[in-house]
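What TrEMBL lists as active site, nucleophile is Asp142. Per TrEMBL, substrate binding site is recorded for Tyr201. Per TrEMBL, domain 'Pseudouridine synthase I TruA alpha/beta' is recorded for 236-339.
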Amino acid sequence: MQRGCVIHISSLRNKLPRCRYLPLPKERCPIRMPPMFTTIQHRRYCTRDTPRVVYDPKLVMSEEEVKHIKLEPVLSTFQPFRKRLALLLSFNGQEYYGMQRNMTGSTIEDHLLKAMLDTGLITQEEFIIPKLFCFQRSSRTDKGVSAARLLVSFDLVLTECDKSEIKRKLNQHLNDKIRVMAVFKTIKTFSCKAWCDSRTYSYTCPSFAFASYKEVIQDSYRLPEDALEEIRRLFAEYKGVHNFHNFTSGIKPHDQQAIRRVLDIECSEPFEQSGLEWITIKIKGLSFLLHQIRKMVAVVIAIRRGMASENFIAQALSRDYTFLPIAPGLGLVLEDQHFNNYNKKYGSKGTHEMLSWDSEAEVIEEFRHRNIITPIMNTELKERSMFEWLRLLHGYCTDFDFTMVKESELDSKNRRPETRSIGLLVSLNWLIEQKDTADSIVEDGTHASHLVEELIGPDEDESSVVAMLMDD
């Protein structure tokens, strides 16, 4: 029997060893591969341009007749090998619904895949189903979050791997808010999500966010030195391994995925730009949960403004359930991703490229300042999102201890509190409005007037209490 021939004979079907690598269904390879052959060698061996015969299900032949059959050559099904590449991206995500493709709206991934399709790097099928060419992202970003350095990896069929040409073609089909900064050739099994050791995020906001509630918030506010030291001390309490189930949603206190490790937190010196003083907090960790960083910043702001006690961070990191505010997402930026283990295992040997972007640092920093940080500041000056959030924060809750729910008080079925406390001021205003309406029964048959008396006392005047809270 000739090498590489596939004989389709009903009488010999059960006698031939099965081959999983041929493209046609229910085909069997008559070649008994040596045990040292690998999967790739087997695929090469079974898909050469060798004579084959067409299968006729009605034809039954003996082994002697098979020897004299006329063989007809068929086209080869061998596919060229793919090369694993990685792209370093920088983008402004204010107008996008995150990095990962979804049905909500336009995403960074949509624009990147469309550019790859227009340049001929992928097919239409691969554009629809990115898993066909092993597309993977190292991190996902939320709606409106930008990234200075984000890596994606995939397989491409390339005769010549001209990385500079790939970078140039992709940038031609991308808008100015999305840029390919570098192209790397990696190992065949590289996954940017699995090999990413840690990630660094930054949060930039006006310094008046950390002012005490007793101070007047103006554009001329400047953060004192002692306040900066206290902010750094508060953020340092997040370092280490903690349970962050309160800093996200949909995760129970006993879930293993709630355990996260924060490696380092840095609080920069305040700097002035566009008439405001700004401050940047950089947080480095192995991985982060949804809304985790924004809630970490919000808790420190609440403590600095006198709305929570000094030990509230320790309480929020416990297994007791707590409702936490969430800071605006405008200033959140994915700064960097670290691949130290990959560089140590492969890059240091000289056989593969190191995943390092030091040579593109100047270009990346220029893009970050021009297309990420500056638009964040301009949007803040125009919309005053932090100022409006601080105003709502006082109505959210005047004392975070009021929202603490012990783990023993959680509902056993869904691990959630049976009742939810809202801000004292918001509650009081709403109850006073409901008291004079026909629908005065708000919950469990309780009249709104009774709840107002419980909040302010039976002998207190409603208008004076509301005015006092508004002044605070």
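Each Cβ is built from the backbone N, Cα and C atoms, and glycine gets one as well.
With respect to their backbone Cα atoms, Asp142 (active site, nucleophile) and Tyr201 (substrate binding site) stand 13 Å from each other. Along the domain 'Pseudouridine synthase I TruA alpha/beta' (236-339), the predicted structure has mean pLDDT 92.
Residue counts of the domain 'Pseudouridine synthase I TruA alpha/beta' (236-339) by helix, strand and coil are 25 helix, 34 strand, 45 coil (DSSP-based).
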